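According to TrEMBL, the substrate binding site annotation covers A:T171, A:K197, A:T208, A:E296, A:N429, A:S434. TrEMBL lists A:T208 with the feature active site, nucleophile.
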Protein chains: 2
Amino acid sequence: MNIVTVRSLSDKAARFVPKSGVYPKGFSVGGIHCGVKKDGKSLDLALLRNDYEQPAVASAVFTKNKFKAAPVQVSRSIVEEKNGKNINSLIINSGNANAVTGLQGMNDAWKMVQLTDTTLKNDPKSTLVMSTGVIGNRLPITSILDGIPKLAGDLGSTHEHWIKCAQAICTTDTFPKLVSKEFVIDGKAYRLAGLAKGAGMICPNMATLLGFFVTDAPVSSSALKNVLTYATNRSFNSISVDGDMSTNDTIVAIANGAAGGKLIEDTEGDKDFLKLRDEVTSFAQQLAQLVVRDGEGATKFITLKIRNALSFEDAHKIASSIANSALFKTAMYGKDANWGRILCAIGYSDVSSEDSIIPSKVSVSFVPTDGSSKLKLLVNGEPEEVDEERASQILSAEDLVIDIDLGTTGTHESVFWTCDFSHEYVTINGDYRS
Amino acid sequence: MNIVTVRSLSDKAARFVPKSGVYPKGFSVGGIHCGVKKDGKSLDLALLRNDYEQPAVASAVFTKNKFKAAPVQVSRSIVEEKNGKNINSLIINSGNANAVTGLQGMNDAWKMVQLTDTTLKNDPKSTLVMSTGVIGNRLPITSILDGIPKLAGDLGSTHEHWIKCAQAICTTDTFPKLVSKEFVIDGKAYRLAGLAKGAGMICPNMATLLGFFVTDAPVSSSALKNVLTYATNRSFNSISVDGDMSTNDTIVAIANGAAGGKLIEDTEGDKDFLKLRDEVTSFAQQLAQLVVRDGEGATKFITLKIRNALSFEDAHKIASSIANSALFKTAMYGKDANWGRILCAIGYSDVSSEDSIIPSKVSVSFVPTDGSSKLKLLVNGEPEEVDEERASQILSAEDLVIDIDLGTTGTHESVFWTCDFSHEYVTINGDYRS
């Protein structure tokens with residue numbers, strides 16, 4: 001078996017952290033160390049500001065966990081109160097989740113919003129707040145409040161500023177997750193930038209602990225909300241690291257319209273709207289996949305394709321059941337073609353009806369990502385004679401696609417991304433607070 | 001952090017394997033190596049026979065997994081066809097689960113039943129069959145069929161025979177799980193013996209891969225069914241090792257009446273019936289706890305008490321959500337009092353209503369099992385100042401009780417047993433087939 005080495009982790013940074021980017025107009029960002037993280041140097045406070053003359057619009061999706069962290073409660077109330085309008089900055093700390101911190105925690109989260117608003121000369125309640133890290137400890141609020149004006153004086157829009165901002169929201173992440181792209185709608189160029197932090201506690205229903213996208217396209221607040229929901233269901237809600245759903249999960253989208261052009265609205269069948277929705281969705285998938293790549297201790301990147309299901313919900317539940325099976329994930333880590341565990345997890349998934357899974361119709365294959373031919377494991381419920389050498393060859397690659405054809409009368413499908421479960425995962429999470 | 005050592009595993013065997021037992025009258029058992037396990041010596045075939053002049057009655061509960069292994073399908077059809085009556089033997093192999101093996105697998109399972117019946121001179125379909133081990137490989141059926149007559153000639157009722165039988169159903173178990181006791185109903189003594197194999201893939205809804213109880217009390221088949229369901233819900237359905245539900249899970253109860261006495265029937269409020277039900281339930285809990293003690297790589301034994309819930313179902317779901325959280329389990333392994341992860345798992349459990357969990361009413365404590373005072377972590381949703389030294393002292397013990405008072409208007413409770421997630425778990429499961 002293969003223990004993750006420091007070398008392979010920095011390999012990932014080299015492969016997945018961009019050397020440059022193309023960033024939306026009218027946003028400044030930055031990150032500093034303010035004193036939340038105990039090592040005295042890691043970046044732990046991030047800020048984003050809308051510099052454009054027009055106020056920005058924002059939308060957000062939050063964790064469904066009953067114990068919602070203070071920043072989740074505060075940000076949600078701001079988005080709701082302002083109906084997503086005139087929201088111009090984001091303040092984020094890492095190293096402490098400000099979750100289950102009682103009334104003090106709520107006060108601390110509000111202080112972060114208020115000081116950011118006054119420092120940036122915003123209208124009141126124009127800032128959303130996020131926190132990530134250990135649950136149940138009070139924020140070192142003085143360090144954070146001291147840091148905010150300092151950070152506000154240090155914002156910029158270079159690639160290095162974006163990288164710092166991405167670094168400042170990391171916890172156990174081994175590399176900062178930043179993507180950017182330019183896209184064209186109706187002949188006009190717009191830009192998207194996205195940041196995420198992930199690593200552990202990533203599960204199907206609200207995944208990345210924290211993530212945000214910003215664009216310089218002009219979008220109505222209602223259209224932005226619609227786009228965010230659609231994209232999140234097909235990206236951050238279709239990944240899993242360990243199946244836990246955090247108290248802090250938040251994804252925010254902000255649009256400032258700084259690139260000009262015609263306002264994009266969500267009128268039925270509008271081509272510009274559909275183009276934006278698809279651009280944001282593929283962008284969100286790219287960012288969500290980085291979270292899986294950097295799953296705590298992950299050595300494998302596994303794509304699950306569930307096809308010919310009775311419904312999208314069935315396909316999604318089956319994918320999620322496999323992706324969260326500790327036995328499946330440890331087998332992948334051990335490069336063991338133990339496909340029985342895949343079937344086992346299919347078999348106990350919480351599908352809607354007796355016809356959702358008919359064992360004698362199910363087929364499973366490993367699909368290598370190097371273009372070589374696929375390996376059939378099960379065809380219509382009957383096991384194939386598996387060439388173990390070929391299986392172990394396929395499993396020695398980092399990437400793997402597992403194709404599951406349910407063979408029902410339906411034609412729905414779900415694509416889901418997950419990683420393996422390693423010794424390193426146990427080490428990281430057995431020792432997280434110390 | 002503490003890696004499980006071979007020494008600590010054999011410690012468990014010394015502590016949990018009985019040196020003697022008091023076994024039900026009229027049963028013979030045994031175990032041999034027939035050739036399923038590749039090492040050429042580990043016991044892999046177990047047999048139990050009712051020797052009493054009257055036929056025995058049996059009841060069974062099976063996995064809800066859609067991919068039911070061939071032996072599960074065969075045993076279920078026998079119990080249903082015979083309504084639990086005239087079932088006189090059990091044949092069990094370990095090392096191969098005979099699951100997802102198509103039509104050949106069904107034929108193999110039937111062959112095991114038929115040969116056992118003819119060898120023991122039973123009526124047809126008087127034997128239940130179980131298999132445990134790797135999924136998706138065909139049984140080495142010739143070895144098994146050669147082994148059955150040999151094993152039938154080697155049965156007995158001594159403690160050593162029972163130990164061999166328990167050993168022969170093990171896979172990754174580090175010790176055989178055998179319990180026995182004598183109990184009294186209405187002045188008459190009866191005996192219970194129980195065996196289980198567990199280790200991995202143990203989850204709330206049908207836990208132990210394989211288990212059975214036998215008694216020499218005279219019980220009607222309907223009463224036995226009733227007792228088994230009640231006891232299983234409070235024992236094997238209230239434990240978790242890794243949250244996976246296997247294709248093979250089966251628990252069987254057999255009663256032969258060899259001790260004599262009045263037939264126990266499940267007439268409403270019958271005292272003898274209630275006494276039997278409670279005796280079997282506490283017995284099943286004892287056996288189920290051994291499965292958790294021997295969870296793959298487990299270094300901790302954790303009892304979750306969920307109190308003051310709106311319903312038993314709510315309490316049970318919350319317990320199950322905590323017990324299956326990889327983040328909680330790795331924190332326990334790391335002896336980290338990261339109670340935030342407990343709350344997190346409470347918060348995403350699938351409870352019935354908005355009032356099932358009210359964050360401001362929830363209290364959590366660690367209760368040491370050495371009688372020293374408990375440590376409050378959260379009181380009515382507000383975190384306590386935790387004495388980390390005391391917390392780490394409590395967590396250094398093998399056993400821990402976590403008390404969770406939901407503080408709702410209800411008074412229901414659920415007790416659940418689980419273990420931690422260790423490096424050893426990953427090693428065992430990354431490498432299971434090789």
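Including glycine, each Cβ sits where the backbone N, Cα and C put it.
TrEMBL feature annotations superimposed on the structure.
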| residue | record | DSSP (3 states) |
| --- | --- | --- |
| A:T171 | substrate binding site | coil |
| A:K197 | substrate binding site | strand |
| A:E296 | substrate binding site | coil |
Sparsest-packed among the binding-site residues, when each Cβ's other Cβ atoms within 10 Å are tallied, from A:K197, A:E296:
A:K197
Measure from the Cβ of A:T171 (substrate binding site) and count the other Cβ atoms within 10 Å, all protein chains considered.
23
